[in-house]
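Written out below as structure tokens is the structure these notes cover.
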Amino acid sequence: MNLNKPKVSIIIPCRNEVKYIAKNIDSILSQNYTGEIEVLVVDGFSDDGTRDLIKKYDHALVKLIDNPNKFTPDALNIGVDAAEGDIFIILGGHAYLEESFVKLNVEALQKDKSVGCAGGKIVNIFENETGAIISKAMGSVFGVGNATFRTGGKTGYVDTVAFGAYYKKVHYEIGKFDEDLVRNQDDEYNYKVNKAGYKIFFNPDITSYYYVRGSIKKLFKQYYQYGYWKVYVNKKHGTITTVRQLVPMLFVLGLLFGVFISLLVPLFWWIMLLGVSMYAALALYFGQKVSDHFTEGLKISSVFPILHFSYGSGYLKGIYDFIFIGKKPSQKSKTTSRG
């Protein structure tokens, strides 16, 4: 084994990704990393032709592994257990990689032994006009806060990344991916990396591409689940893992209390109107900031409240379920995964 070029295992949780998986795997096989790479597609018994497509790859290092439970965190744990590399990278089936992705991740891990996870920025890819609008809203600081892996930023240490690269020894130190989590399993995992004393390193040159949701309904469901399961993560670790997660919840609470108080004190409607107007002005400003023209900016502005309200309402439901009534994750709740 070449210690300077360690073997890297890329783990892809997958189910019914026939439209995207070929580009995903091809981008891995085209990496300029000179060490060995294995591709582990952990599939939840796809029935759309995904499995047949993967089997066509005449490459010893592209492996198809079954995921009987069909859930993402289960797939990640199965993949890590099967991985032969000293370093593993988790990758979504809806994504593909810049050719230097693996090389730069390995260099980041090797450069600083205090780093337990490395990653970079996601470039959103869209397939229709709605997806284009959603993509730009998700790339805005106003839309998603200071999530550096989405908005970009300078090289340095962060609290989380998407599609992270990890030393396998770190995995055995901090424990497995939480198999109760429908969403946020990588986010929760990165929290454990930090908690164990390791740093998470962000390099904007480490680039991946991700196909965003192409409908408002799917976007709402996605962010509702992000908010909902974030509460479970907080309860599990006994802390609020990031401050930015509270902002959408406060936004929703502000709307609800504002309407309630206004019904009791009619003059309060003017304060509500002022608050909503200020929010709308900010949405319009940031929408125009990331748009190519005025009309597009208006459409982007309309996505911001959907992101904030869906996440915030999911967060409040999570507080009720996990904090107030002590609900436990169930198989039924886990089936509400990707929309």
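Cβ from N, Cα, C; glycine included.
All TrEMBL annotations are machine predictions without curation.
What TrEMBL says about this protein:
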DOMAIN    9-127  domain 'Glycosyltransferase 2-like'
TRANSMEM  243-261  transmembrane segment
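A Cβ distance under 8 Å defines the sequence-distant neighbours of the transmembrane segment (243-261), meaning residues of its chain 6+ beyond its ends; these are 145-147, 227, 230, 268, 271-272, 275, 279, 307-309, 311-313, 315-316, 319. For the domain 'Glycosyltransferase 2-like' (9-127), the model's average pLDDT works out to 94. Shown for the domain 'Glycosyltransferase 2-like' (9-127): DSSP residue counts in helix, strand and coil, namely 37 helix, 36 strand, 46 coil.
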